[in-house]
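The transmembrane segment feature in TrEMBL is assigned to 28-50, 62-80, 100-122, 142-165, 200-228, 240-262, 274-295. According to TrEMBL, the feature domain 'G-protein coupled receptors family 1 profile' maps to 43-295.
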């Protein structure tokens, strides 16, 4: 791709325009976004306090829930304050390096969240299929190793996206990003140079992370369902399903929104831009909002300790 005559050399400031086509109602869209963010922050903070303070919850499943809470807090905080600044206070400018930092945080912690969901599926698989060996397999040492590997994988896969943009691109067609946060492809599309490598690497990361995690999550639940349906007692089957239903809800809402956002961005040429941006924003806002509600409502131990905390 040849460099156009009208280009900007390494802009220091970019402009996020919000949601194209809905500029006149952005102030109203910001209200439910803000409510979801606040509920998510309060809910996840309560989850972390309960899990940290209650020794009986220092088990792998609840530790993974706590890790999910930390991830959700970082994801929400990385986008919502700036988004509300655009919607309510008309402050669309963002420094180029700050934009890259926001993009890096978003994609790194998305990858971490996917890895945590995989770890939770494997934990449920061992707990239901090999209950007598669960405590011996999922030790605190293994949980720490899983957390380290998941974080390292996200950092290793996410760093090249930042490096490829920071050091490969010198000229940009525009400094305006048609989005309400700094999304990888939205930044890449501004470049006035060959973006083929960036697009290929972005696809590689998506299919590597989602393909690997989804495959093993699906296999885990196939084995879980086979084991559950073989249980002779109805009460035992219901108890086993109840152990998994919260995780299945979180897993489905995370990946369904993720795939809708991904495919509309790359292949939905006829999808209005505001539809894509709304769904990609919801993809980042809904999991932090729903996760504490789902785990608080469906996990008996967390619910009991939450009620005790509120009464005390």
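Keep in mind that glycine also has a Cβ here, set from the backbone N, Cα and C atoms.
Since we're looking at a predicted model, the values are computed, not measured.
Counting only same-chain residues 6+ beyond the ends of the transmembrane segment (142-165), those with a CB under 8 A from a CB of the stretch are 60, 63-64, 67, 100, 103-104, 107-109, 111-112, 115-116, 119, 184, 187-188, 191, 197-198, 201-202, 205, 208-209. Most Cβ pairs under 8 A with the transmembrane segment (62-80) among the ranges 28-50, 100-122, 240-262, 274-295 are made by 100-122.
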